[in-house]
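Student: Got a structure here, written out as structure tokens. Questions coming.
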Amino acid sequence: MSIYSIVTAPDERLKQKSKPVLECTDQTRKFMHDMLETMYNANGAGLAAVQVGVLQRILVIDIKAHDPVERPKDFYPLFIVNPEIIEQSTELVTANEGCISLPEQRIEVMRPESVKIRYLDYHGKSQELKANDWLARVIQHEYDHLEGKLMVDYLSNLKRDVVLRKLKKLKNNIV
């Protein structure tokens, strides 16, 4: 297993739209496992491939410890390839979010309370998943990464600029 470096804002790769995966191969599955290890290492709930510098439509999610919904034992981790949001609720919920690509930042984001996605699973089989509450939020957050959107994009221009300046300063102090 490999642990990748996390791409952090204001890196321009995070603003690019990811490309579909053409086929789920053994190499794709190994990459997903490496993404999962990287996510665990960073104490994340989800990770999009772009966050490790790969512009492919792949997400990994594991919120087992925080999911209020009782799920089958083998439900997590979720390996999600080429997701599409096919339904979303009209009810919006605001909650505080963090992101491993935006270190030390917490932002209130309003999102649909539930979503339904269509995607390819670990084996490349088409699946649909209806999610609400915390899982829906994590899916939408990670999906945004595939679209080149960050949680700061939900802020006003002024607030977004303040956060991005903080991140740039933080990044310069680390390097």
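Every residue, even glycine, has its Cβ placed from backbone N, Cα and C.
Annotated active site per Swiss-Prot: Glu142, in sequence order. The annotation Fe cation binding site is assigned in Swiss-Prot to Cys99, His141, His145.
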Student: Given Cys99 (Fe cation binding site) and Glu142 (active site), what distance in Å do their CA atoms have, once rounded to a whole number?
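Tutor: Rounded to a whole number, the Cα-Cα distance is 9 Å.
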Student: Within 10 Å of the Cβ of His141 (Fe cation binding site), how many other Cβ atoms can be counted across all chains shown?
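Tutor: There are 22 such Cβ atoms around His141 (Fe cation binding site).
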Student: Long-range same-chain neighbours of Glu142 (active site), Cβ under 8 Å, sequence gap at least 6?
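Tutor: Counting only residues 6 or more apart in sequence, the Cβ neighbours of Glu142 (active site) under 8 Å are Gly46, Leu47, Ala48, Leu59, Ile61, Ile80.
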Student: Around the Fe cation site formed by Cys99, His141, His145, which additional residues qualify by having Cβ within 8 Å of the site's Cβ center?
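Tutor: Going along the sequence, the neighbours come out as Gly46, Ala48, Gln51, Glu97, Ser101, Glu142, Asp144, Leu150, Met151.
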Student: When a 10 Å sphere is centred on the Cβ of His145 (Fe cation binding site), how many other Cβ atoms does it contain?
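Tutor: Result for His145 (Fe cation binding site): 24 neighbouring Cβ atoms inside 10 Å.
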Student: Let me know how many other Cβ atoms fall within 10 Å of the Cβ of Cys99 (Fe cation binding site).
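Tutor: A 10 Å sphere around the Cβ of Cys99 (Fe cation binding site) contains 26 other Cβ atoms.
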